[in-house]
Amino acid sequence: MIYDKEKQQFVTFEQLKPDNVIDFTLVELINDCCRLLVLLPMRTGSEYFVCPWGSEGTESWAFPVLSFNYEHVRQPFEISLWILLALLMKLGFHIIPRVSNVVPESCLLIVVGLLIGGIIKAIGEKAPMLDSKLFFLYLLPPIILDAGYFLPIRPFTENMGTILVFAVVGTLWNTFFVGGMMYAVCQIEGAQLGGVDLLSCLLFGSIISAVDPVAVLAVFEEIHINELLHILVFGESLLNDAVTVVLYHLFEEFSHADTVTVGDALLGVVCFFVVSLGGIMVGAIYGLLGAFTSRFTSHTRVIEPLFVFLYSYMAYLSAEVFHLSGIMSLIACGVMMRPYVEANISHKSYTTVKYFMKMWSSVSETLIFIFLGVSTVAGPHAWNWTFVIFTVILCLVSRVLGVIGLTYVINKFRIVKLTKKDQFIVAYGGLRGAIAFSLGFLLTNSQLKNMFLTAIITVIFFTVFVQGMTIRPLVELLAVKKKKESKRSINEEIHTQFLDHLLTGIEDICGHYGHHHWKDKLNRFNKAYVKRWLIAGERSTEPQLISFYNKMEMKQAMMLVESGSAAKLISKSREQEIRKILRANLQKTRQRLRSYSRHDLLIDPFEDGLSEVRFRRQRVEMERRVSFYTDRDSCL
């Protein structure tokens, strides 16, 4: 007899409904009291428990020794399975070096997603889609936080102008060029695209034109390109988010409006500044709050990493609430928070933050590419040869023309010019990815949505597979400079600071308020006011060179501990001795000196004293010579 919990009664196998007839597994349990045979159903829907034989017609039933309820844990169990699959794929990719040297990791992950999607579709189940909520709220933030928190500040700020030109002007050019040309293609009679209007084409151009940071990171970190090209392409992919968001919402609103006026276009321009600057402001506020909070965590070190993650994620969500740029908010939060948080938290907390960010960004990146493959199989698709082929061609042409034209203008203002090889890598590295797919997934017009998504997936596959697989041999063929894999030393840091102060002094003498002048002003303001509030203890007044020495010392200590050479660690007394030597011999830069003027050259009292001493010495020397010649003449 089996107790059916739905019917609240005992039934036999013959009384089961036909749709409940499922496969059973016979599990023999040793039970001296009941000596039962327990039959477990392998499908959810109802639970059956075996009662002792001969108890028909009684209301008593046996206690369920073992039961099966998959629906209770289905969602977390499937999430864990997806993450486990992502980790196994990444592990297998790096175990086989021959594959990783030829095919980028992103390509293999998309292929794995295609296989999984095909298997799910073959068994008649519904494949999970990479919807916009999953992507923008859960998968994208860890990747952007890792990129923003560990962003190389010096090359990013030194090339800020070039990055902004590529991100803003380049994205606008790509949007209007692709959108306008696609509208011209849609007017061809044989293309069967007469229902696509101009605003829809511009909306599609805004979606497909932005360079994707996830795809750029996945490819450029594998080929180890030099720091300049990496920061140009990756910085463009980060900062073009504000332009993409504004253009997407602008054309989407215009497509539903009856008329579009000049005032609406001006409001769109204002909206760009609100979205970009508002996102930066929100991120900076949360970054300062996180840094200020870390000042008081000396007694509870275990929660220090949690503050970093929560404040960063809250910055992203707060920006998304007001439709600001969440990506720029995360970048601003990470950049603002890092120097002060690292000065306050313990080294163990710093290690936790570092590896946890790297872990989750790696897992999110893997899941994104797997979901892209699964979503491709899931569909639905609306294939149009004309629309898809011209989309791929126009994306390539607009990227090449935009980079060449903008570089021609940029090189007139750059000291280090971008060569033809650099321009080729920047143009060829403009990869598209999951951000374009997620924005296309938000469209409401089902007919255009399916056609746009099909074209977007085709462009993503072309850029990731064709450009991603061929960029490594092209870099080798063109002999493009690779990234320098060496760590900075104290000597390099000293000379870098010396050159910075030298260039700042030259700018002050010339009266030119350039990059180094404002950087020095910002550093002085940071040291005088900000550090006092955000950094606890004596480290708020610590010179930059000593701070750099402290970081190098901690890294060396970690390496020695991991290698088992802990006996070689520097003692505390030796550390204090080295710090005293550094403090005593550091150059006191930016002292207030007497201003120089070629029209009014004041005499320094110290220099006047030196001149007097020099004059006396010359007088004594002259008298000695005169007396020598006088004595010689008298002798003759």
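Even glycines carry a Cβ here, placed using N, Cα and C.
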- Task: Using TrEMBL as the reference, determine which range in 135-151, 305-321 is annotated transmembrane segment.
- Result: 135-151
- Contact check, the transmembrane segment (198-220) vs the transmembrane segment (455-480), 3+ Cβ pairs under 8 Å, seq sep 6+: yes
- Query: When each of 135-151, 163-186, 455-480 is checked against the transmembrane segment (324-341) for Cβ pairs under 8 Å, which one has the most?
  - Reply: 135-151
- Message: Test of understanding: applying the rule of at least three C-beta pairs under 8 Å (pairs 6 or more apart in sequence), is the transmembrane segment (423-443) touching the transmembrane segment (135-151)?
- Response: yes
- Where, among 79-96, 102-123, 265-289, do we find the most CB pairs under 8 A to the transmembrane segment (455-480)? 102-123
- Task: Residue list, the transmembrane segment (362-379) vs rest of chain: Cβ under 8 Å, 6 or more residues beyond ends.
- Result: 82-83, 85-87, 89-90, 106, 109-118, 120-121, 126-130, 134-135, 138-140, 142-143, 214, 217-218, 433-434, 437, 457, 460-461
- Counting only residues 6+ away from its ends, which parts of the chain sit with a Cβ under 8 Å from the transmembrane segment (423-443)? 129-132, 135-136, 139-140, 166, 203, 207-208, 210-216, 219-220, 225, 229, 232-233, 241, 244, 248, 368-369, 371-372, 375, 395, 399-400, 402-404, 407, 449, 452-453, 456-457, 459-460, 463-464, 467-468, 471, 474-475, 478, 480
